[in-house]
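Colleague: In case it's useful when we look at the structure, here is the feature table from Swiss-Prot:
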- H64: active site, charge relay system (ACT_SITE)
- D109: active site, charge relay system (ACT_SITE)
- S203: active site, charge relay system (ACT_SITE)
- C31-C162: disulfide bond (DISULFID)
- C49-C65: disulfide bond (DISULFID)
- C97-C255: disulfide bond (DISULFID)
- C141-C209: disulfide bond (DISULFID)
- C173-C188: disulfide bond (DISULFID)
- C199-C224: disulfide bond (DISULFID)
- 25-248: domain 'Peptidase S1' (DOMAIN)
- N102: N-linked glycosylation site (CARBOHYD)
- 1-18: signal peptide (SIGNAL)
Amino acid sequence: MVLIRVLANLLILQLSYAQKSSELIIGGDECNINEHPFLVLVYYDDYQCGGTLINEEWVLTAAHCNGENMEIYLGMHSKKVPNKDRRRRVPKEKFFCDSSKNYTKWNKDIMLIRLNRPVRKSAHIAPLSLPSSPPSVGSVCRIMGWGTISPTKVTLPDVPRCANINLLDYEVCRAAYAGLPATSRTLCAGILEGGKDSCGGDSGGPLICNGQFQGIVSWGGDPCAQPHEPGLYTNVFDHLDWIKGIIAGNTDATCPP
C-alpha cells in the first residue's frame, strides 16, 4: 500500500497552538533552529504540506499539495512560540506541469507558487539555491518538517524534525512498489533497514543531498519508515529549465517529458 504524503486535519485551530492531524519525519530529531530558513509550512483546505523558498517571491512544493484557501508560513520553528521573523503569505499565482491535475506518483508532482508579496531575508528566512549538479546515488540527504514522529499513530511535535537518509538507486523503489515505470523523474531515498522516513504531511518539503536541493517529498509506503520501502521524491534538477523559465516570465515553459 502506498501513501501520498499529506493527510487531512480534522479541524484547523489558531496557528499558535494548532495540533495537525498529519504525519511527518519518522526517526528524526528536532531541527536546529538555524538550519531551515528556507522551510515553509503550507496550510490548505484542512491539510498541511511543506515547501521550500527558492527566492524572495517563489516557493517550490508538490502538485498534490494544491488546494483552496492556501496559507504559507515562513520563518517558523515552533508553532506555539511566535518569533519576529514569522511571515504569512498567500499565493499570487500557481504553476504546474501542464495542469493542476496532470501528475502521477512518478511524474510531474511539482508546483511553483508565486507569493502575493516578496519576503525579506532575515535570521530565519532565506532561500535555498536550486541544484547546480544532478544528484548522485549514495549521497547523504536531509529531510525535514512538522508532524507525527510515529508511523502508526499521530504524535505531533511543535517544532520541525530533521533526519538523514540515503539516496538510493531507483531500482530499489521499483522493487518495492509495483507499477513504477522503468524510468521516471523521481528520486528514491530512505534507509533500507527502515526507521527513518518522510511521511504524510511532509509532502512538498525538501530533500537536500550533499548540501543541494535535489528533491520534493512526494509519496511512499504506508505505514512510513518500513524496511525496503523508501520514499519517492520529485527530481528538482530534471525540472530546472521549467522552474527558471516560469520565474523569468515564460508562462509557456514546459516540463520535461
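In case you wondered, yes, glycine gets a Cβ from its N, Cα and C as well.
The structure displayed is predicted, hence computed values, not measured ones.
Map the listed features onto the structure and describe their local environment.
Modeller: The Cβ neighbour count for H64 (active site, charge relay system), using a 10 Å radius over every protein chain in view, is 23.
Every protein chain considered, the tally of other Cβ atoms within 10 Å of the Cβ of D109 (active site, charge relay system) stands at 27. Classification of D109 (active site, charge relay system) by DSSP places it in coil, neither helical nor stranded.
Around C162 (disulfide bond), the C-beta neighbours below 8 angstroms that are at least 6 residues distant in the chain are I25, G28, D29, E30, C31, N32, E35, H36, R142, I143, M144. Secondary structure at C162 (disulfide bond), taken from DSSP and collapsed to helix, strand or coil, is strand.
Every protein chain shown contributes to the tally, and the Cβ of C65 (disulfide bond) ends up with 26 other Cβ atoms within 10 Å.
In the three-state DSSP scheme, C255 (disulfide bond) is classed as coil. The C-beta environment of C255 (disulfide bond), restricted to residues of the same chain at least 6 apart in sequence and closer than 8 Å, consists of C97, D98, K108, I110, H239, W242.
According to its DSSP assignment, C141 (disulfide bond) is in a strand.
C188 (disulfide bond) has a Cβ environment of 25 other Cβ atoms inside 10 Å.
Secondary structure at C224 (disulfide bond), taken from DSSP and collapsed to helix, strand or coil, is coil. Its own atom aside, the Cβ of C224 (disulfide bond) has 27 Cβ atoms within 10 angstroms in the protein chains shown.
According to DSSP, N102 (N-linked glycosylation site) is assigned to coil rather than to any helix or strand.
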Colleague: Specify the nearest of the recorded positions H64, C65, C188 to C141 (disulfide bond), where nearness means the distance between Cα atoms.
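Modeller: Sorting the recorded positions by distance from C141 (disulfide bond), the top entry is C188.
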Colleague: Closest to C49 (disulfide bond): which of the recorded positions D109, C173, C199, S203, C209, going by Cα position?
Modeller: S203
Colleague: Across all chains shown, how many C-beta atoms besides its own are within 10 angstroms of the C-beta of C97 (disulfide bond)?
Modeller: 22
Colleague: List the recorded positions among H64, N102, C209 whose C-alpha is within 10 Å of the C-alpha of S203 (active site, charge relay system), in sequence order, or say none.
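Modeller: Of H64, N102, C209, within range: H64.
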